[in-house]
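For reference, the structure I am asking about is given below.
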Amino acid sequence: MQTSIPKPKLLFFLRTIATSATGSYSTQSAASERGFLTLLHSCNTFSNLLQLQTQILKLGFHNNPLILTKFIAKSSDLNSIHYAHCFLFSPHSNTDFYDAFLFNTLIKAYAQSGDLKLKALWVFNLMLECQVLPNNFTYPFVLKACAGIGDLNLGKSVHGSLLKFGFDGNNHVLNTLVHMYCSCKGGIEIGRKLFDEMTKNDSVPWSAMIGGYVRLGRSNDAVDLFSQMQIQGVCPDEITMVAVLCACTDLGALELGRWVESLTEKRKLNKSVELNNALIDMFAKCGDVDKALKLFRTMNERSIVSWTSVIVGLAMHGRGLQAVSLFQDMIRDGVEPDGVVFIGLLSACSHSGFVEEGKEYFDLMTKEFAILPKIEHYGCMVDMLCRAGHVREAVEFVQKMPIEPNSIIWRTLVNACRTHSELKLGESLAKQLIQHEPTVEANYVLLSNIYAKMSHWEEKTKTREVMDKKGMRKIPGSTMIELNNKIYRFVAGDMSHNQFKEIFEMVDEMGREMKRAGYVPSTSEVMLDIDEEDKEDNLNRHSEKLAIAFALMNTPPGTPIRIVKNLRVCNDCHSATKFISKIYNREIIARDRSQFHHFKDGLCSCKDFW
């Protein structure tokens, strides 16, 4: 740990600098400047910075742009950029001596800050008011600040400014411009237009555009663009690979992720901590948590994100004991856990049914590590109690929370009420949700499903009519599957696939085989007022079953099947997939919006705690 400059040593240097004033002006100026820059470089505390600021005034360095620029940089390093700003732009400051280097350093400091990015734009405007011309380093810092703010109109105004000053031909500026548009709501298409028109000889613009798609959840577009990058022979860098791996994670595209890993090895790219973390996260969330764990074990350097990624991955796969064990390893290694780690740990307890252990870890957060629980931690606790069927206890827990529960927690309770037949309570909570959030379609869907479970078809119809009047539509369930380096997406009753007739025939065959093995369709899952036969037919056309049928037709016998569902797997599909795994001797790995289900030999890894 660095310590401050000893006071006697600091005073000796300062006296030396002051004494040098007795020499010739040029000699004195150069010696004083060098000595002061040495002191600035060594400064590592705010108290030292205050002393040096006093000497800037005393020694006449307040008109020396190099000294002032270094003072800004050091202030930024010490998280005191606002103090430097006030000093440089006090009412008595003479800004006539300030140059582009000084303004750029201050803009950069604000652009890299957490919540002061708007100040970067204020300094940029002041720079122009002081008639200091921006250069090719100015705009990348200003545009990064705009990207962090996310204001499209603000970004467009800066774009207009750089056009005025003729920087639209500078690739470094254009790369940051693409990044800015991709970071602002509604700006992605403008960013793509700029990207298509610019020279793209290296990985930087590609990484900016691919990263933009990933942040917006347009992972298919990100993967398509990466393919174009390969066709054009542009070598990706570490940043590109991290972005593409994030896209693979979102899509559940394990084979593509494996290919990206092999390309990383082939190109001999730097396996940084960030890249390794992205690989771990991809393998864990694409269904190969054992590979994620193996990668983690081989890392020479680990960050808190490395530990968190594996703990969260194990949690999603229902491997709570391993997640808890890894957390204990982390503590033994002297790594201080943060709030995110505890979200993963509590999630592991939730998915594995470790209710009492989860309560202990929730208390441990505050008592042992002084981490104040946030809404996400309370959400994990509610989810844990609900999964275990302790609905009334979950409601009491929410009522005692010291912070206001969010809509996610309330929706978790309503879902649990429906699952565990606390229907009157669920109806009451769903109505309260609608009062607080009258424009959120999910709340109406929850109430509609509650009415369907109660067989109150008239009330269900009225709820759906309200949704129609408000222009609301339920998010359709869909299932994705990766096959031969291509992503296929299915929705319920999907007839858009060129093999849809064969797929439907396969689904019918699956249904017959399952019934022979003892499968009974869970027709209560069908939220429609129709007869039992029609309900069974409706269940057979769920997107998960279509995707599995497609896989059974197009993959070798005995090979694993991996699917990704955008919503939670319904009870009937969960039961049916158990039967399919045994009948067809397939391991089926299904990722839904909250966890993984490993189906094998008629069993599921989630142990029905869901």
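The count begins at 1 with the first shown residue.
Cβ coordinates come from backbone N, Cα and C, glycine included.
Remember, TrEMBL labels are computer predictions, not curated facts.
Quick paste from TrEMBL:
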| type | residues | note |
| --- | --- | --- |
| SIGNAL | 1-23 | signal peptide |
| REPEAT | 99-134 | repeat 'PPR' |
| REPEAT | 202-236 | repeat 'PPR' |
| REPEAT | 272-302 | repeat 'PPR' |
| REPEAT | 303-337 | repeat 'PPR' |
| DOMAIN | 518-610 | domain 'DYW' |
Given a Cβ distance threshold of under 8 angstroms, which distant residues of the chain, six or more beyond its ends, lie next to the repeat 'PPR' (99-134)?
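Same-chain contacts beyond the ends: 65-66, 68-69, 72-73, 75-76, 81-82, 84-85, 88-89, 141-142, 144-146, 148-149, 154, 158, 161-162, 165, 167.
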Against which stretches of its own chain does the repeat 'PPR' (272-302) lie, if we need a Cβ under 8 Å and a gap of at least six residues from its ends?
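That would be 238, 241-242, 245-246, 248-249, 252-254, 257, 260-261, 264, 309-310, 312-314, 316-317, 319, 322, 335, 562, 589, 591, 596.
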Under the DSSP assignment, what numbers of helix, strand and coil residues are found in the repeat 'PPR' (303-337)?
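So the counts come to 26 helix, 0 strand, 9 coil.
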Could you count the residues of the repeat 'PPR' (272-302) that DSSP puts in helix, in strand and in coil?
23 helix, 0 strand, 8 coil
Counting by DSSP, what is the helix, strand and coil composition of the repeat 'PPR' (202-236)?
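DSSP composition of the repeat 'PPR' (202-236): 26 helix, 0 strand, 9 coil.
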Per DSSP, what is the helix/strand/coil residue tally across the repeat 'PPR' (99-134)?
25 helix, 0 strand, 11 coil
Could you pull the average pLDDT for the repeat 'PPR' (99-134)?
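Here the predicted model's pLDDT, averaged over the repeat 'PPR' (99-134), is 93.
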